[in-house]
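Here is the structure we will look at.
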Amino acid sequence: MPNASSWSASSPLLLLWEDSSGTRIFLSLLYAVLAISGTLSNVMVIYLVFSFKKLQTTSNAFIVNGCAADLSVCALWMPQEAVLGLLPPNSSSLRSAEYRLLRGGLLGLGLTVSLASHLLVAFNRYVLITKLPSVYQALYQRRHTGCMIGLSWALALLPVPLLPGLWTLGSAQSDGSSRYTALLLALAVLGQTALLLHCYLGIVRRVRGSAKRVSVLNFHLLHQLPFPAAPPPPPRRAQRRLSSVSVLLLCCVFLLGTQPLVWVSLLGFFLRPAPPALQAASWLLLCSLSALNPLLYTWRSEEFRRAARSVLP
């Protein structure tokens with residue numbers, strides 16, 4: 001019976017050697033559903049932004065960047081996991097170190113850029129709503145926006161040359177290396193979450209205390225800078241409350257997807273490894289964000305809904 005460290009190093013990411021065939025088939029079907037829905041939703045968002053000029057805003061550029069990263073998980077990694085779950089545990093595909101390294105690289109690249117895109121979108125909206133228009137225009141010029149997007153991919157690609165060495169180290173000292181890798185992952189996600197919550201809570205405070213009509217539900221309307229000369233009417237209380245609830249709902253979904261993995265990893269480093277099933281569930285929640293991200297950022301946007309209605313029958 002493998003322990004937690006051998007499970008993380010020798011088996012598919014979310015499948016256990018001792019799992020019954022029914023459990024493995026269920027996970028494979030879950031992967032297939034997430035892969036299909038996530039691929040369609042991410043491709044749809046990318047297509048709409050590139051097809052409709054009104055959607056070509058700075059915030060949507062970061063959303064498209066996240067959708068492209070999520071496709072690495074939904075369209076490339078999840079289908080492989082769905083197929084591998086149907087193979088027998090002694091299959092040569094499951095034991096190939098090079099193939100496991102490729103799958104891990106696809107997952108790591110997609111999740112890293114996706115989480116970075118979350119932070120870029122949150123910071124963009126924070127600056128847009130809480131700072132002067134001149135500050136926003138100076139910071140988010142097209143060249144600067146491109147550099148931010150390129151930096152998110154560069155940071156994700158930076159560890160790629162080190163992966164073979166890390167894989168060799170993991171084979172010799174799987175317990176120690178996997179524990180420290182999990183700790184670094186947990187600290188990175190925890191820091192990114194703290195920055196994201198700071199941005200969105202700052203937006204909520206601004207929306208509740210501002211006399212201007214700042215709608216967090218339709219950020220694309222605010223991106224048509226410069227702002228109109230005539231001050232718009234103040235928002236109604238119900239509108240401000242709905243805006244705040246929408247932002248808090250986004251934060252809750254993000255926390256639900258990321259924090260279980262953080263605390264499972266911290267528990268495994270400082271106390272003892274969590275049960276393999278709990279580790280698998282925390283990873284599954286994190287990966288499911290790749291399928292939910294397009295809906296999180298577009299479900300309340302009237303421009304996105306109008307564009308989708310013009311495309312879909």
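Glycine residues also receive a Cβ, built from the backbone N, Cα and C atoms like all the rest.
No curator has checked TrEMBL annotations; they are predicted automatically.
Annotation comment: TrEMBL describes 41-297 as domain 'G-protein coupled receptors family 1 profile'.
The feature transmembrane segment is assigned by TrEMBL to 25-50 (among others).
As annotated by TrEMBL, transmembrane segment applies to 62-80 (among others).
Under the heading transmembrane segment, TrEMBL lists 100-123 (among others).
The transmembrane segment feature in TrEMBL is assigned to 144-162 (among others).
Among the features that TrEMBL reports, transmembrane segment is placed at 182-203 (among others). The list of residues near the transmembrane segment (182-203) in space but at least 6 beyond its ends in sequence, with Cβ under 8 angstroms from a Cβ of it, reads 115-116, 118-119, 122-123, 125-126, 129-130, 216, 247-248, 250-251, 254-255, 258-259, 261-263, 265-266, 268-269.
Per TrEMBL, the feature transmembrane segment maps to 245-271 (among others).
Residues or ranges marked as transmembrane segment in TrEMBL: 277-299 (among others). Within the same chain, residues 4, 7-8, 13-16, 30, 34-35, 37-38, 41-42, 44-45, 63, 66-67, 69-70, 73-74, 77-78, 107, 110-111, 114, 118, 121, 250, 253-254, 256-258, 260-261, 264, 268, 305 sit at least 6 positions outside the transmembrane segment (277-299) and bring their C-beta atoms closer than 8 Å to a C-beta of that stretch.
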Worksheet item: Per-residue pLDDT averaged over the domain 'G-protein coupled receptors family 1 profile' (41-297) comes to what?
Response: 77
Discussion item. Can you work out which residues elsewhere in the same chain, 6+ from the ends of the transmembrane segment (245-271), have a Cβ less than 8 Å from its Cβ atoms?
Written reply: 4, 115, 118, 179-180, 182-183, 185-186, 189-190, 193, 196-197, 200-201, 203-204, 207, 216-217, 278-279, 281-283, 285-286, 288-289, 292, 296-297, 300
Worksheet item: Other than its close neighbours in sequence, what residues sit by the transmembrane segment (62-80), given a CB gap under 8 Å and a spacing of at least six beyond its ends?
Response: 31-32, 34-35, 38-39, 42-43, 45-46, 49-50, 103, 106-107, 109-114, 117-118, 120-121, 124, 145, 148-149, 152, 156, 287, 290-291, 293-294, 297-298
